[in-house]
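S.K.: Marked as domain 'Deacetylase sirtuin-type' by TrEMBL: 28-309. Annotated NAD(+) binding site per TrEMBL: 53-73, 134-137, 252-254, 278-280, 296, in sequence order. The feature active site, proton acceptor is assigned by TrEMBL to 152. Taken from TrEMBL, the feature Zn(2+) binding site applies to 160, 163, 211, 214.
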C-alpha cells in the first residue's frame, strides 16, 4: 500500500473516531488507582448485575439526552416522545415514523465500542451475571453478550398496540421504503449532528402501513416511551437477578429515570454494594460504595486485561 493511501486511511479513521466522540461530554482522564479500586470491587463477585445507560453508547456515536453541551436537550429543542401522545395522535405517529425512517440506516449500522466488548468478555470469563441496559440500540447483543435484559425495550422490533403482531425493524423499513418512494433523498436530511431535519410536507405525506393482522393503525417500536411503564414481568426478572446477585455496577447512567434508580435502591435494601462509573453526577452518588467520574471507555476495557499488565 502506498504511503498516500496509508495516510488517507489514517485520516479517515481519525475523522471517524472524532465523529463518534462528539457526543461524549467533557471529562477528566481516568485515574489508574481508581481503575484498580473498581477491579478490586468486582473481584470474586461473579454474580454482579451490570446496569448500562446512554453514556456507554455515546462513544459509539449515539447521543444521549442530558449530557451538558452535547446531549440532545442541549443541542436542540428535541424532546422525547410521550407514550400517550403516540397512542392518541395520528400526526404524532406520522412525525415519529418519518424521522425514525430517515434515521434508521445510520442508527442500525452503529457498532459497539470497547465498553460493550469488554462486558461481553466479562460474561465469557464468568465475571458478571447479566447486563441490564436502558438503551434500545442492541449494541450489547452486537458485541456478543448473551444475557441481556433490555429494560426499556428495543428499537429493532415493531409491534401492534392492539394485537400480538410484531415485525423485525429492518423488514418494516423495507415496507416503509415501498410506501414512501419520494423519501429516496432522505439521507440528505440527516444533519451533521446526527439529528434529522424533515420538511413538514414530507411528514404530512408520510405513509405508515396498518397492522396486517388486525388493521389497527398504531404500529409502535417495542420501546418503553416516556410516560409508559416497564412491563411487570421484566421488572420482576431484574429484581430476581439483583436478589441472587453480588452487587450492582452502573455504567454511563445518570439514574434520573426511576426504572434504573430503583435497581440501586433494591440493591442497597439487600445490603449489597453499588459501584458507579459515569461522567458527572448521578441520582445515586450518595448511595454508591464506589464512584468513578470518568468515561466508561477509559475504565472498563482496562479491567482484568492481564495481557497489558
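Note that Cβ sites are derived from N, Cα and C of the backbone, with glycine treated the same way.
On a predicted model such as this, the values are computed, not experimentally measured, just so you know.
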S.K.: An 8 Å radius from the center of the 160, 163, 211, 214 Cβ atoms defines the neighbourhood of the Zn(2+) site; name the other residues of that chain inside it, in order.
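M.R.: Going along the sequence, the neighbours appear as 161, 162, 164, 165, 212, 213, 215, 216, 219.
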S.K.: Tell me, what is the mean pLDDT of the domain 'Deacetylase sirtuin-type' (28-309)?
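M.R.: Reported value for the domain 'Deacetylase sirtuin-type' (28-309) is a mean pLDDT of 91.
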S.K.: Would you identify which of the binding-site residues 53, 61 has the most other C-beta atoms lying within 10 angstroms of its C-beta?
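M.R.: Comparing the binding-site residues 53, 61, the most crowded Cβ belongs to 53.
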S.K.: Using only C-alpha positions, which one of 152, 160, 163, 211, 214 is spatially nearest residue 61 (NAD(+) binding site)? These are the recorded positions in the record.
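M.R.: Closest recorded candidate to residue 61 (NAD(+) binding site) by Cα: 152.
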S.K.: About how far apart, in whole Å, are the alpha carbons (Cα) of residue 57 (NAD(+) binding site) and the residue listed as 'active site, proton acceptor'?
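M.R.: Given the Cα positions, residue 57 (NAD(+) binding site) is 15 Å from the residue listed as 'active site, proton acceptor'.
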S.K.: Consider the binding-site residues 53, 137, 278 and say which one has the Cα lying nearest the Cα of residue 163 (Zn(2+) binding site).
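M.R.: Of the binding-site residues 53, 137, 278, 137 has its Cα closest to that of residue 163 (Zn(2+) binding site).
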S.K.: Sorted by position, what residues of the same chain at least six away from residue 214 (Zn(2+) binding site) have a C-beta under 8 A from it?
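M.R.: Non-local contacts for residue 214 (Zn(2+) binding site): 160, 162, 163, 165.
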S.K.: Can you give me the Cα-Cα distance between residue 53 (NAD(+) binding site) and residue 152 (active site, proton acceptor) in Å, rounded to a whole number?
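M.R.: Cα of residue 53 (NAD(+) binding site) to Cα of residue 152 (active site, proton acceptor) measures 11 Å after rounding.
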S.K.: May I ask which residues of the same chain, at least 6 positions away in sequence, place their Cβ under 8 angstroms from the Cβ of residue 278 (NAD(+) binding site)?
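M.R.: Long-range Cβ contacts: 53, 55, 250, 251, 252, 253, 254, 291, 292, 293, 296.
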